[in-house]
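A.B. asks: A single structure is presented below for examination.
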């Protein structure tokens, strides 16, 4: 078996996620001939007995090899080195045969039979010594080759991560183009900044009229030794990254073949197709080719939930740790400064990278699985000490590289955003969610592109919510400033139109012409006008914030009854900050990161180790994953802290809104459950009036646009106050455990586990499942709507 697998690896090559395919796929002719001879000798010895008995137990059905006899005398001689392709999916394979075709929707399957090169006779050697690998790869059917590689994937985490990266990158050409432009951007920033700093004599600019007069001859030869060392280090790293990208092209080509041949998604369709549809096609592919399942796992089907768990395995732990406040991201300030600024928390992209390096790379092994040591309480002290050392080492490295990082980021942000702010000064006041807020708002198993889309939908209503609050003092000052600046700009502009040659070069102050002041007053006018609220804006912050929560799914219980107050507005503003403030925090975090790593995060080491151990659950076919990501509602948290804002429930409902097709194995009584797929909009669009999340919010009294209460929609006045998908537990009310009639013995993980153990023709056991709960929930909401 090993020799056959190695032989196929030599022929077809592959990426790092394929078994024995880590090489470049090119070997010497002698090595190929030796392997062909050994492989054929092993199969020819027992060919008669195997053919008579039909016993192929020594070869799996996914890699069965047929012997090829020498041509009989008088028969037409075959061309040497032509290889019969992988046998097509045949209808004569029996009742269990299945193949997959997404266009027609048929499902049949047969074992994949790989035939030998027809140029190999019983003697064992090819008739001509040629590079068989290259010739066979060009002649084998691309679809069957892609299916063979899919059957030999060894690390599904890496494979699905690469598949998702390929999807978000929008195909082979777009990914390569993006990488080329990114590498060019980095090179441009370094080379251009070096030229501006070393090749221009700024003392000569005032009396010069051409670039040659201020250009320093042979400027690069005059660079200091430290500057030269930094440039050489950069170029070495740059070319190493370039080599990595070039080497990665082969895996991208394999992934393109997987999408195009097996999922039947070409480059054009990839630009518009939604990820849930891609995930469902992957699930259909794995189900139709169960005989070629990877790793001989007992898991017979890959579901969209499994794919999301594999892609988000590491990120789910970070989402949970931020949600449970395990990570201490407080900026360590002296006591006098703490009295003024309090204890602010800071998270930047640089700190995110440090967290990934220190925590995730420590918890997970290279295969993407949780290290067994983290699952045993006896190793807590050792692991905590090791994690603390990683934080300290990261703090030291941040101090060493801080000058270079701050210089690069400053130049990058300057080149990227200067033109934007120059063309549109009002954009300086635009807002975005800061990184810490993003991790608070992110949900379990929510892929990055889905999360970004949800936040993007909330930008406009969030800005309108903040703009509603009275800013009379700011508005009065802004109107006065805009009037003064507009007056100066109007006079200078009209004068320039009357006599352009005179006024454009006319100096109002020393070395400051009319053109300079027109730009200054124009920028002041644009910024001041952006601070004046619209006169047609209706003031209703409570309804506006509830509408924002339709997208963010965030409305803490302590905000209840205070949505109109300045306190809630200020707390929301700390999450939804101005872009300029976020950029300044990114630059400041380069200097503050060492202190946060050394003083704050080192205090969280014990909690991090305990959290990983207590919130990891083993799932057959997946390995250890975060308990919250499995939507196991019956499992109580080891820390016994109630999930006040119900993040796991919201994550489950939002997941169903995206992937909402019913499980394949459901009883006939569950077929009429209205799921999200029946109201799917184009490209992952969400119908807020028909989604599961919206019905859940209405059931709990949060009608964002109408402001209706539970009594308005027909709920019993005696019913206890319910928690909402966006607010958690109402103030003074106990959380409801029966939001959608959850049984304490039922959970999503029970449903998925039982489905994996059933055959396709077997109906599930007659017991209550999550779909039954949703069915009852929809009946209630429909009755309430009819009653209203």
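Even glycines carry a Cβ here, placed using N, Cα and C.
Checked Swiss-Prot, it gives:
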- 32-42: compositional bias 'Basic and acidic residues' (COMPBIAS)
- 44-58: compositional bias 'Low complexity' (COMPBIAS)
- 101-112: compositional bias 'Polar residues' (COMPBIAS)
- 716-734: compositional bias 'Low complexity' (COMPBIAS)
- 32-127: region 'Disordered' (REGION)
- 715-736: region 'Disordered' (REGION)
- 1-171: topological domain 'Cytoplasmic' (TOPO_DOM)
- 193-222: topological domain 'Lumenal' (TOPO_DOM)
- 244-390: topological domain 'Cytoplasmic' (TOPO_DOM)
- 392-479: topological domain 'Cytoplasmic' (TOPO_DOM)
- 501-512: topological domain 'Lumenal' (TOPO_DOM)
- 534-579: topological domain 'Cytoplasmic' (TOPO_DOM)
- 601-788: topological domain 'Cytoplasmic' (TOPO_DOM)
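Walk me through the surroundings of each of these features.
C.D. replies: If one looks beyond the topological domain 'Lumenal' (193-222) by at least 6 residues along the same chain, the residues whose Cβ comes under 8 Å of a Cβ in the stretch are 231, 407, 411.
The average pLDDT the prediction assigns to the topological domain 'Cytoplasmic' (392-479) is 86.
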A.B. asks: Based on DSSP, tally up the residues of the topological domain 'Cytoplasmic' (534-579) by helix, strand and coil.
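C.D. replies: Split by secondary structure, the topological domain 'Cytoplasmic' (534-579) comes out as 26 helix, 3 strand, 17 coil.
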